[in-house]
Each structure stands twice: as structure tokens, then as C-alpha cells.
Protein chains: 4
Amino acid sequence: MFNVLGNFLTLSSFGESHGEAYGGVITNFPAGLELNLDEVQKDLDRRKPGQSAIVTQRKESDTVRFLSGIFDGKSTGTPIGFIVENENQRSKDYDHISGAYRPSHADYTYDQKYGIRDHRGGGKSSARETLNWVVAGSLAKQLIPNVEINAYVSSVGDIFCEKPYQALDFSKTESNIVRCPDAETAEKMIERIKEVKKEGNTIGGTITCVIKNVPAGWGEPIFNKLHAELGKAMLNINACKGFEYGSGFCGAKMTGKEHNDLFNADGTTKSNLSGGIQGGISNGMDIYFRVAFKPIATLLRPQESINKDGEIVIVEGKGRHDPCVLPRAVPIVESLAAFVLADMYMINKIRRI
Amino acid sequence: MFNVLGNFLTLSSFGESHGEAYGGVITNFPAGLELNLDEVQKDLDRRKPGQSAIVTQRKESDTVRFLSGIFDGKSTGTPIGFIVENENQRSKDYDHISGAYRPSHADYTYDQKYGIRDHRGGGKSSARETLNWVVAGSLAKQLIPNVEINAYVSSVGDIFCEKPYQALDFSKTESNIVRCPDAETAEKMIERIKEVKKEGNTIGGTITCVIKNVPAGWGEPIFNKLHAELGKAMLNINACKGFEYGSGFCGAKMTGKEHNDLFNADGTTKSNLSGGIQGGISNGMDIYFRVAFKPIATLLRPQESINKDGEIVIVEGKGRHDPCVLPRAVPIVESLAAFVLADMYMINKIRRI
Amino acid sequence: MFNVLGNFLTLSSFGESHGEAYGGVITNFPAGLELNLDEVQKDLDRRKPGQSAIVTQRKESDTVRFLSGIFDGKSTGTPIGFIVENENQRSKDYDHISGAYRPSHADYTYDQKYGIRDHRGGGKSSARETLNWVVAGSLAKQLIPNVEINAYVSSVGDIFCEKPYQALDFSKTESNIVRCPDAETAEKMIERIKEVKKEGNTIGGTITCVIKNVPAGWGEPIFNKLHAELGKAMLNINACKGFEYGSGFCGAKMTGKEHNDLFNADGTTKSNLSGGIQGGISNGMDIYFRVAFKPIATLLRPQESINKDGEIVIVEGKGRHDPCVLPRAVPIVESLAAFVLADMYMINKIRRI
Amino acid sequence: MFNVLGNFLTLSSFGESHGEAYGGVITNFPAGLELNLDEVQKDLDRRKPGQSAIVTQRKESDTVRFLSGIFDGKSTGTPIGFIVENENQRSKDYDHISGAYRPSHADYTYDQKYGIRDHRGGGKSSARETLNWVVAGSLAKQLIPNVEINAYVSSVGDIFCEKPYQALDFSKTESNIVRCPDAETAEKMIERIKEVKKEGNTIGGTITCVIKNVPAGWGEPIFNKLHAELGKAMLNINACKGFEYGSGFCGAKMTGKEHNDLFNADGTTKSNLSGGIQGGISNGMDIYFRVAFKPIATLLRPQESINKDGEIVIVEGKGRHDPCVLPRAVPIVESLAAFVLADMYMINKIRRI
């Protein structure tokens, strides 16, 4: 099965940027869980456009409506259907590109693959799909209430949050519009984003995600290692270019003597270069990973491109676009991580007699 | 479905380091393909232990035996079963760790997950599983004969192959034992591995993989983006800590103006920071990615650790181990990439009426 | 993957009898097909309540709204989302059974399985779910336009349509309210249903389905034989108790000499006891099967039952119920058959190089 | 995922009649179960050829060899690989049909589907595949030790075991070679089979399966109803033409008043026309179903047929064939039922928080 998120707990989703609605079906959510649907809407609000000066000014209420699978406030064990109606599309902002391929977008590849393409707002390739993931991930989070998942913007362009995650206070992440818990760095990042925005340009960056309180044992041993599932989920986020966990690419420069995490008597480890996962299975230590995002491809400035007939055309983003994907991607990263973890948690419950 | 490689073309595999045999079932391989089974054995030989001074000296013939799915030299369209018998296990090399957990291995997590653990050679967590992937991937490669897949060791510790892949001659990769096509760098890498080996130490590194001639259109749009499938496959390789494609983590430092790949009139792009994939779908340009491997955890020197009862014990690798996973991982990376691509190729064939 | 219809072409569906809406996501529908959505609504109308004197008088418009996956009248290759809003629930008709288990319903088993149960209209166990299948199957039918699928009521209680399907004119099926193409038998069936209805009773029956123009080659050889997929789909219809194809249970009484279908020179067969399927794969002859439905469990007359506390209670259906499931099940059988066939058609397209 | 048995607990299998070996991989078998492998061999022996005068005289030891997933006599939670080597093929018995299509076999359909066909013993279409299912099902049975599964031959041609299952002593099933627990009927059945055998003919029949001690709650509510999963598994058995459970096709003749199973105070039911399943979920009562098998298509007498070029040829079974599939199908039915039940048992364990 593919074009589905998850292995046991699954999300089948749908929706295009300028279609009627987004939505999905969450299958195999267990019965009997008291659900807080306001929390889901809150997570959606953290993702929604128009929330600050450094994100797109598009106005969408992005209100989720649950259609099934919940009775008397509790999950029934049967499929949870939901939709989020589209409201504020301005399809004519895209008329000028109906025949053109925007550079580094999916316009060309969709057309090559399907022979048909919904050009309005990128159609299915739009990152608006991620709102489905936030709904599903936010519910999934409620399945594993002890697990703490905190993502934050750890770099914008060449501005890095130099402090290790242990030195950060995650309660501060939401206190600024860029979602970096270090106030000083956050200010620099915001400045940098405003600069590129002024030029009609965009900028990339990284998000770091830290997950606490996952007990030992989650993750499958061969083709669904916990970090591989997290990595796959993150790489599916629009604009994602890379994923590393624990020591990551730095670990590739080290020797075994430096890298091995020695045990304490209680099974915890003295260091945690493993990033909380050994052999694809959680070991009870903090799980942490980093995700790289490229700069958004839509520029509010002219670029040379081609149209369907191979003729040179000039494209220029019109309307309302994000100069930097990072702030709005924070809840997406958290939600996907929650979904993956809840899925692995459920599977793990039946791995022993 | 999980614990399976692939979505349409699938591999279900089995085997433990010191069990009877490895093997697997490849399902939905299309009918009518003339198969060259010697090529599969050749790929296995590139992965096998004992092939040079810088890998483990364990002797295994690693001979694959095909049991079904092939008739008159051609695939029949029905499941291809295969086994590789284990031959040269020295289980008693592991007796000393039957109750102990080796640092940064999967011993502790398997025990936590399953409540039972085959300590001999790491049991199921052994990287010996990857021989199954080489068999399956090598067959998959024959399904997409025009696609060229070349992986090579691009760094060992802090020794990097500085040349871009375009400047390398991949026909040289097999000409040295470390599998770096740049002779000068290869020599330094080999030197470095011999150094750490002498100390009973190990070292990490990276592998770069370059894929040419994938036509536009492969990859699924939402949860099975082509790079996410490649990333997931690579992250499942033992010791893998990170994956990036195209501009990767460097791309996260750039602005959109720098990063966008402008089109030529024929649909190719002037630059290729996208790494041949846009919106999760191949665009016809070279696909390239980089995989980070940590240093192998088994050291031939004493390390403090714990046993099942939480008592401090000293563990020390005995027997025959790799000081560096990289050279033997090259065919594994290539095989997994081939499998993922063949899977996406097959699915893509039915995405249009 | 489970709780999903189909293998490659899939439907994930949701909805409860008295919830907000039904709906689903159809994934991997190929791109580029001109879709006739009015035909889908027409199929839904054949299933809907209130259409005649012998079905439930509940009034639901059952209007489907497509939310994604269609652009300019054509499928885009991306997920097709749809919903059908619930309109005419009278939840208070079910207040009296909120604590009681209706005999031969799923009330008891849902409560045992989930520990929570939506008693209103049977919740998820309601046959109203089948409207999702009609939407999906009706679209699937458009993928395989040459295939002709005709189902009809072949028995009600002990009134059987004695003519073989070859002697029937399927264009007459819709000409009477019971959907039996033989007018004389239809009249008797209608009479019988009216009788049981008058008593507050219900009655069972069978549906026969005949499929023409399936080319040879559809169906998978081992675990997804074409008749097994059809059988599974039919057995999932509410109230279904049995499935047979070709010679069916009668074939079990025969000898090989009588049963074997001898070939004509063109590959067709002189007889067709195989029912168009050999070794699980279509052979180009007519496919035909028969499905048994029990009488509906809800009686409009008092029955003794128990409640959650094991106390004896009297339950009696209130409101608007079908005395016989058969007439409305005809489009359901056809739609499910279409979905299964379209799924097998797509998979078969990639079984050869 | 398809061409796989099971949803969570899965079997991927391989093998052809005259290939090297059969075998498979059982994935997601839980860890920590003490396994009795002799029991598995015993079940295989009940299926194997040559065991009596009324089955094929082919001699195969059909010895299963487990290759992984078991350590110290216990399941490890990782994939269980196994093979059964083929030994006694006489491929030249099939030379005469290499270009011909046997009537009512899968020869024609495989050739149409794959464009390539292994004619030796039917290749992949051979019922020899079912030995894989017996291995997997026999292990699965050990996962649900309280469940009692008893299948028996309930009819051969027009000879029926008239007693209801409640009147039979299942401990007698193995006491005669046809596997009908009623001695008198068994004798008649054996006689009938010997008759048809003498004529080079074959005969069909039915198997009834009775399952006791399944607790309430197993089975999935929508597309994987317990009886649909059982039905699908049975319909995949070679030569199967129909499946009914509980009241089955007889239930289709009844009214609701007759058919409804009224409750006792303890949740059991006074009658059991439901066959232990309501709304697709077990209710704790006996599960029983009936499976129809056609007569085997291979006759030891001449039949007219065609070859690949559409020319008329005479085919006549040579060598060693079963005159009746029923006796050897009894352990196959039981094993598949066990596998389906174990799969549903595991899934059900995680349907509630």
C-alpha cells in the first residue's frame, strides 16, 4: 500500500490548493480515547497562513470538521474522517502560469508524469496538503500523551542557533514569530527573513526536533527502523532536502571510540550520539533529528522559464507567498513525528506474546 | 504492510547472522525478463566479507541459490524465492556477550522490545541482512537496464573526496579496495582505515550515489516521493545516520535566487540543485544523494558496558570485524537504490490511462 | 494494509449511520480519464432509500460531492476525495436500544470489541457505508468501459428466477422495483416482500451477477485470485452469508468428466462451469457468481433480547426499515464487482515487461 | 500489498511444482512463543501425497526446514523463513502438454497473463503451493492455543454427511482415509472415490470447518470482516468454487423471524444461524463454514483440447494424480483458518487503548 501515511495507524488524504477541500481518513485509531479536538485546531492554527509578518498573508481559517469515528467525545475505533474547506483561493493569481513551468517547482514533473496538471496554486503539489498531516498528527499525539515532541527552527540561511538543544527552553518557541526558542537568534533570523522578503527572494533553513519519554522498544528491526520512518516522513515534507538523527553527518567523521555511547548501570547511556535509537529501535534516551529545507521556489521577482511548448517565458510569483517555510513547518514536523511514533507504538504493542 | 522493502515490487526477507540461512521472496517481479544470475552473484561478491585487507576477514562464500520464479532463464511473474546459506559462523566468538549489551549496538533495544535476543553475531540486527537486499536490488537493476547507478565512498573520517561527481570516472571505483574513484583520495582513505584498524578502532564516512538516465515521472506525489523512498531505504542500512539529496543541508543555507534551477528550452535545467527530483518526481536530470555512516560499534578493544542485570562488565570484540563499513556498503547503496527505482518505475507505468 | 478496499486502486472510507457524513478517498486512480459524475449520482440513486414501496421510507438525498482529484472534468491521478452528508437521521428512533443489543445485529460484537458503541442506527455497522462503495465502484466502472456488469435479484425467500442468466434481458432489470429482469418472477417476489413487510417481518434472497467482456489475464495467481477478491468484496456486504461462482456448490457434486470446460480452437470454451476464471485468472468467458443474503435483522415487531447488564428486554424496530435488502443491494454488488475488476485490471497492466 | 496472505501477520510464499523448492517468510509473528515444530511437520504429513489409496501416489517427504526467526525453541519476533525442497518431480510426465492447454486448468490463463508458462506440473498454479500455507497456518495455530479448529469432509459428490456438526465426534476424523468423522458416510465416500478413480475420473465435494472458543471481538468491521477474511482464504484454495458460513445459502430462503439468533442472559445465543459472527466480528459462539470444491481437472483419460497454435490436441493425464482433492484439503482448510484467526487476533489486541 502506498500514497498513505503510516503502517498500521494510517492516513489517506486528499486535496489540492485550489480544489474544494482538503481532508482525509485516519484508520485503525484505537477505540476509547477521550479526544481534545480544540488541541487539533490549535495545532492547525500554528500552521495556518497569515499568522505573522514573515509568512504568507493569505487568509484561510483552516477550520477542521470531524465527520466520523468520534462518539460522545471518544474515539470509536472506526475510521475518523475529516475535512478542511478551502476558502480563500485566488485562482486567477495563477492564470499567467497555466502554460508555464515555474523553476524548481513540481509543475514540469507533474505534467510529465500525469499528462494533466492543475496549475492553480500548484494543485496537488502544494504544501497546503500538510494541513491534513497536522490534523492526523495532532490526534496521534493524544495517543501517546507522555511523549514530548518539540521542534524549533535551528537555522535560517547562515544564521544558526548555536546552543545545543539541552540548553534551550522549549516553552519559549512560541514566543516569537520564527519559532526559535533562543530569543537573540530568533531576532537575527526574523531580520534575515525580512531582508530576503523585501527583495522578493526566499531563504532556506533547518528545523531540529527533540522527542522525550519514548520508552525503549519502539521501531521495527529491518525495513521500518524508527529513524527511517521518521526520515521518510520528514523527507516527504515539501522543500525538504535532508534528514539526520543523533550524530548525523558529523558522526560520519568520528571513530568508534569517540562515537560509542557507553551504558550507565540503569540502561541509560552516558552520551547520546545514537540519538535515542539503536538498531532502529528506541532505547529510552532523547530522540533528536534535524531536517533541511531549501528556500521556497516561488520568487516575487521575474525569472526566466519555459512553457509547455518549450518557449522561453518570464514567470514572477504573484499574490501571497512565504519568504521562508520554516516557521510554519515547525508544527508540521512535530505532527508527522507524532504520527510516526503513534504508529510504531501501536505496532510494538503486539510484537510479544 | 511493513517489514517489507518496496511498495509494488516487494522483498520479504529473513535470516540471522548465525542462523541457518538468509533469503527472501521477491513478489510482483514482472514476467518475461531474461535474467543474468551471474550478475547477481557478482554484486554479492562485492559485498562479501574477506575481499580485502580493510574489511572483515570472515570467510563466507555467500552463494545465492534461486528456488522459484525463473523458468528457461526468464522471470515467470510469480514470486522469486532465494536463499544464501550461512557457512562460517563462529558462534562461540559471541559467548562472552550472551548476557552483556555492547555499547551502541542493538543488543539492549532488541532485548527491551522482544524479551528474547539471539546474541550470536547480533542475530537479526546484523548487517548480514543486507545480502538479501543486494540479491533483490541486483535483480531489480535488470528491470531498468538504461538506468546507471554509481555509488562511491566520498569520505572516510575527515578525508573527503573534494571533486564533484561530474569530475570523477566511475569506472575507477572498483580499482581500489576502498571504492573511491579518485585514486589519490582513495589511498589516503585506505591509510586512515588501516590506522584505526591497528588501534582496534573503527571509523565512519559517507557514500555518494549518482543515478543517470531516470526519465521524468518516477516517484509518487505525496507520501512516497522519490527522494523519500530513497532516503528511507538508505536510512534502513545498518549504521546509517543521515541522508541528503541534491543541494541537501547546504541548500538550507541558500536563497531562492541562488537555489532555483532555471530551465533550458528542452526541459533540462541549467543547474541541478534539485538533484533530479522536483515535487518528489524525477525530472530527467541526474539524481544524486549522500548517505552518512557512523563508525562501526564493535571495537577490538575493551569497553565498559552492562549486562542484563545492570552489572558493569567489560566487552571487547573478538573474531573478525570491519574497521569501516564503507567499502562493503557501496554495492548495498546501489542495490537499494535500484530496488526503489524499479518499484517506482513499475508503479509509474499505471499512473495514466 | 487493511480496512481498505482494493489492493492497488484503493478506497479508504468513513462514516456512521447518524454521524455527520459518509465519504472516502480513492487512491491511485489513473490520470487523464474523462469522468461522468452524473453516472455516479445515478448509481447512488439506485441504492438510496425511499425509492419504492418495498424499501425503507427513509428520505436521504444521498448527494455526492467530489472534493479533489478531478480537474477540467478529468482525473488528475491524485487522490479523489468525496463526501455524502447525512441529512435525515432520526437518532431518537434508537434511544430505546441505547443499552440493548438487537438480536443478530452487530450491537453486541461492537461493544465487546471496542468497549464503546454508537447505538444510533447501528453506527459504523450500518449498511449505509455501502454508499461509499457505490461512489467508488461507479468511478471504477468508468476505468473499464468495455466491461459489462449486470446484477439482478435471482431469489427472494423460496421464489427463484428459474431461467439461466443467458435467457434474461438485463435491460429489464430496472423496469420493476425488485430488480429481477424476469417480469413474472419479479411480480411474485414483490408480492412476497409485501407480505413479510405487513407482518413486520423481513426476508432473505440471492443476487446473481454476470460480467461480460473481461479479457483473459485479470486476477493474481496465489492469494488474490480473481474470484477470491470478488468473494471477499461480496462477503463484506452487510447481511451476506455466502458466495459461489461458476458451478459453485453444484460443481461439488459433479465429476471431472462432467465439469471440465473443453476448449474451442479460439481459446473460448464449449461450456463455462469455470465461471470465466481458471487458476484465479480470467479466461475471457463470462464471469458469473451468486451472493446469498440473510433476512434483515431489524423486525418491526417485538423480540426478546438483553441489555448491557444481561437483563432481559424487549426490542422492537421503530422508524423506517427495509423488509428485504435485495433490491437496494443490486447496485452495491455491481459497484463492488467493478472496483475489484478495475483494481485487477490495473495490476495486470504491469505483470509483464 | 497483495500476493501475500494475512494483514498484520503475513506470509509471503514461493515455489513451483517442479521448481527447486517451496518456502516462505512469515512476518510479524510475535516474540517469545515456545514453538512445537514437530506439530508443524505432522500437519504437513496430513497434507502430503502418497498417504493413502485414494490420493495421488506421488512420493514427497515434504520435510520443512526452518531457517530463521526461532532461537532456543522460541519465536524471536523477527521473520521466520522456511523451505520445503522438491524431491520427486517427474517433469517428463508433462512433456506432452508443454504446448497444450489442459481443460479447466490454469494453463491457458497463465499463458495469456504472463506470456510465459512453466508447464511442468502446472508450475505456480499447482496446489503444491498449499504446503506453504500448512506450515504457516500450523505455526499460527500455536499462537491461539485455546481455539479449536476442526475441518472434515462433509460431502463427496452426492454423498453427504447428513448429521449436523454437533452430532459428530471430531476425534474420529483422522480414523479413516477420507477424513469424514462419521464412519458410515466415510465408507460410502471412499467407495465413491475408488469408483471414479477406476474410470480415470475425479469428483468434487465439500469441507465443513467448525471453530470453537474464539472469544467475542475478532474481525474488522468494514473490509476485513472475519467471515470475509475466512472466505477469501478458502476461495484461494485450488479448485474452490464457493464459501458459506452460518446459515449460508439456506439463510437466504428464510425470514427474519426464523433467522434471528435470540440472546441468552449471558450474551450467548439460543440459536446460531449467525455462525458465530455478527457484523463481521466474532460473538463467542461456534464459527462454522462450508467450502465447495470442484472435481480435479486432470483426468487419466483422453480429453480433446487445444495447443498454443489453436490446433486440436488430445491430452491425457499421466503419472500420479488425486481423484479427489478433499481428504488432503482438510489440513489446508484448518491451517488457513488458523492463519486468518491468528491475524485477526493480533490486530484485535490493539483496537482499544
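Here the Cβ of each residue, glycine as well, is placed from N, Cα and C on the backbone.
Going by TrEMBL, these are the annotated features:
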- A:ARG47: NADP(+) binding site (BINDING)
- A:ASN238, A:ALA239, A:GLY279, A:LYS294, A:PRO295, A:ILE296, A:ALA297, A:THR298, A:ARG320: FMN binding site (BINDING)
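Maximum C-alpha to C-alpha distance over the listed FMN-binding residues A:ASN238, A:ALA239, A:GLY279, A:LYS294, A:PRO295, A:ILE296, A:ALA297, A:THR298, A:ARG320 is 45 Å. In this entry, A:PRO295 stand out among the binding-site residues A:ARG47, A:PRO295, A:ARG320 as having a C-beta under 8 A from a C-beta of chain B. Summary: among the binding-site residues (A:ARG47, A:ARG320), the fewest other C-beta atoms within 10 A of the C-beta are counted at A:ARG320.
Neighbour counts were taken at the CB atom with a 10 A radius for the binding-site residues A:GLY279, A:PRO295; the maximum falls on A:PRO295.
There are 22 other Cβ atoms within 10 Å of the Cβ belonging to A:ASN238 (FMN binding site). Taking the Cα atom of each, A:ARG320 (FMN binding site) and A:ARG47 (NADP(+) binding site) are about 16 angstrom apart.
Annotation note: A:ALA297 (FMN binding site) sits in a coil segment as assigned by DSSP. Sequence-distant neighbours of A:ALA297 (FMN binding site) (same chain, six or more apart, CB under 8 Å from its CB) are A:ARG102, A:PRO103, A:SER104, A:HIS105, A:THR202, A:ALA239, listed in sequence order.
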